[in-house]
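Below: one structure, written as structure tokens.
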Amino acid sequence: MDLNNNNNNKDHIKNENNIKIIVECDSSLPEKAPGCIFGYTCKQIKWTNVIFLIWLHVTAIYAYVHGLFNPVRFFTAIFVSLLSIFSGLGMSVGGHRLWAHKSFKARLPLRILLLILQTTTLNGSALSYARDHRTHHKWTDREQDPKNPSRGLFYSHYGWWLLRKAQLVKDWGSKLSFEDLYADPLLVYQHHYYIPLALIFGFIVPTLIPWYLWSENPLTAFLLCGVLRTCVILNHLFTVNSLAHYVGYRPYDRYILPTENRLVIYLSLGEGNHNYHHTFPWDYSSSERTFWEFYNPSTLFIKFMALIGMAYDLKKPSKELVHQVVDRKGIPEYFVPMEGKGVFRRLVTGCVDWVCGVVVSLWPVFTIILFKAITGQDLIVIHHSFEPYVNWLSHLWFADNTIDAVTDEHLTIGALKRLSLSIAAALINRGVTKTDRLVYSGQNSIQHVVLRFAAISLGLPICPLSDTFEAYEVEQEITSISATVVVTTAKNLSKFKRVLQSDNNNIKLVVIFNATRDTHVTEKHVTYEQLVDEGRDQTLKAIPHFPVDPNVDPYLLIHTSGSTDPGYLGDGQVVSMPYPMGHISGSSILPLQLCLGVKLVIYSEFTEDLLFRSIEKYRVTYLCTFSTFGVKLVEGYGMTEYMIITRGNPFDEPYIPDSLGPVSPGTELKVVDLNTGATLGPNTDGEICIRGNKMFAGYLNNEKAYREAVDGEGWYRTGDIGHYDERENIFITDRLKEVIRIAVGNQYINISPVEIEHYLLTHPSIAECAVVGVNNRARAHWPRAYVVLKPEAPVATGAEIEKFVSSKYI
């Protein structure tokens, strides 16, 4: 069908049903002058719109390619999808159905909301749109029509927007009444300040929200949420002016050009029932069908607003009137009433239509996600930030996520975010910088969990110390990592006394948990509660706050003793973790379980009775424990230097005694001869060496030790003796570097004999010493020291040496 304009006063156009449609033309319109741009003079063209349109489309193409090949955060994809839908609703519900046709009435809050959303589309002010649209309906498809489709498809889609309005259109438009529009102060205000408001709500705000709330790259936020969204929404909405007058069928009125077009329905959020709309322009739903029978978000939005009292006086023609009009002017064979199809069929058809509509209307987001899935890119960007460890969308904001079994204190995801960000903001206010390092000493606690995520939010490393460490060990640890911020409990504060009194310490802040009135404090001290109050309602502009290089900057500083202790994991959603957080096992499980969205039960004190009571009370289904527990378990292998070496024996395969399972993904393992270093085959014991993507970054301030442990090809010598079988299952049979496993209360800790020997050598009477472990009880030893005294030094008795060690070290 050719609807190009000519110089005749009337065009006689036949549609596909051979029904003659008369389109009145007016020769008073400026004729296309030869030699001008597309037949139009320079004065007729709105050059600002032309330049903006070219910039918008070129930049939108770049934005789309940028989204395909660059990281995009998950929340950004959600945000741009919702903003696209609601921007379109601002035009279809606000500009079109409310202000242009007055098909319903809206209360002030809804009018303000719709006006803001309509501004984000950059489709002109609501007042000018409603004014032109009423003119369009009065003289549809005639030369008085501002968007006259008889002048060509491009003109009805974009041409009218790029040209100055013809005098004929202005003259005929002035014959209509727009007093209600100019009497609305909201419309007048938006019309007067439209350009700055459009820039603010169309580009600036959509860019700032992703950047500020979830640290999206500002360029990505601007391109996707600002440029690409605007370009797509404009083209989708303009199909109502163009495609809906060219392609489709006319069941309600065969004498007019507007059609029913399914694609336009999807693109314009329910505005593609154009033949019906031009027949019954006062219908608030712009369709005969209900919103659950086909894709019509605009009608659904109005119905919801009416339900909560924000919209009222919804206008709609009766079914009898619709049938009468169809019989008189429509094409009955195209008109199929939905009532005769049955509720179930209509509901199923509606569900399918809604799925199709969502996919088509949000095609840029879906195609970007599909492309990333096909090419193996991450759909949710993983950075060194809060987001990898707490996926806020994966579980309920108010669901319990961490429980202290001793105090019965509960921590929700919402509280974790609020408290950790408050602590992080307060630490920044107190002068914490990128170069600072945090050290924590204390039992497992809710505060410890909060502190971990505060450190992650800042991008600072944290060194958790075992609660069993005494003053000497604490001093050694702080000195070795050059810690500047100490976080400890009031109970453990005395362990830091000698460090704080030393002239050589770099500590500038001490944070105390569970402080009482009797707790001795100085100007360096601050309580946990004080930090929460100081940082209340504050947030971070970026997470992590300090720039982080994930390939270099450490997340955890863990001291290793070289111990071997296989871990065992079960299956479930409520996790009991008796491991101390100062150990690599506790440090790795803490963020892992929070990331998975399960409840984590921790123990500030541990007894067997408390464990069993907590299992019953909190319905624990996933227990991290030791080897002699006797239920269906998965046995794994890991260490401080390489957290997860094997993935354990799968439940769906036969159990292999003493096997730790095959190596985990991303890990390489070999067994070498202890004497020659040659690589050994299956079932031959040797030293196990590993390398892969979970390797530690190095020993802090000890490059020599790192080079001794890791060879030039990146293989780490574990010190474990073992082998693998023909199916590449790993077995540990012995240990090169002997450690002593001792019982401290109800806990077991591993101590290297070398550490005790180094401390013994600080005694003024000891010249040489050797420490070994002797059997004490099952799974534990007593350390025994053999010493050689200095001849010239005072004689030290065994009791004196034992007191020297126990008072300072064990």
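Glycine residues also receive a Cβ, built from the backbone N, Cα and C atoms like all the rest.
Per TrEMBL, domain 'Fatty acid desaturase' is recorded for 81-281. Per-residue pLDDT, averaged over the domain 'Fatty acid desaturase' (81-281), rounds to 89.
Taken from TrEMBL, the feature domain 'AMP-dependent synthetase/ligase' applies to 407-564 (among others).
Summarising the annotation, TrEMBL assigns domain 'AMP-dependent synthetase/ligase' to 628-700 (among others).
Positions annotated as domain 'AMP-binding enzyme C-terminal' by TrEMBL: 755-807.
Outside the transmembrane segment (47-65), and at least 6 residues removed from its termini, the chain residues within Cβ reach (under 8 Å) are 158, 161-162, 223-224, 227-228, 230-232, 234, 364, 368. Taken from TrEMBL, the feature transmembrane segment applies to 47-65 (among others).
Here the transmembrane segment (71-91) has Cβ contacts under 8 Å with residues 114-121, 123, 129, 206, 209-210, 213-217, 220-221, 224-225, 228-230, 232-233, 236-237, 268-269, 297-298, 301, 361-362, 365, 368-369, 372, 377-381, 387, 393 of the same chain, all six or more residues outside its ends. Residues or ranges marked as transmembrane segment by TrEMBL: 71-91 (among others).
Feature annotation from TrEMBL assigns transmembrane segment to 193-214 (among others).
Sequence-remote contacts of a segment are chain residues at least 6 beyond its ends whose Cβ falls under 8 Å from one of its Cβ atoms, and for the transmembrane segment (221-244) they are 56-57, 59-60, 62-64, 66-67, 72, 76, 79-80, 83-84, 87-88, 91-92, 120-123, 147, 149, 153-154, 156-158, 160-161, 202-203, 206-211, 258-259, 261, 263-264, 267-269, 271-272, 274, 361, 364. If you look up TrEMBL, you'll see 221-244 (among others) marked as transmembrane segment.
Here TrEMBL flags 347-371 (among others) as transmembrane segment. Within its own chain, the transmembrane segment (347-371) is flanked in space by residues 64, 67-68, 72, 77, 80-81, 84-85, 88, 228, 232, 236, 263, 265-267, 269, 292-295, 297, 341, 377, 379, which lie at least six positions past its ends and keep a Cβ under 8 Å from the stretch.
Across the domain 'AMP-dependent synthetase/ligase' (628-700), the DSSP tally of helix, strand and coil residues reads 0 helix, 20 strand, 53 coil. In terms of DSSP secondary structure, the domain 'AMP-binding enzyme C-terminal' (755-807) contains 16 helix, 22 strand, 15 coil.
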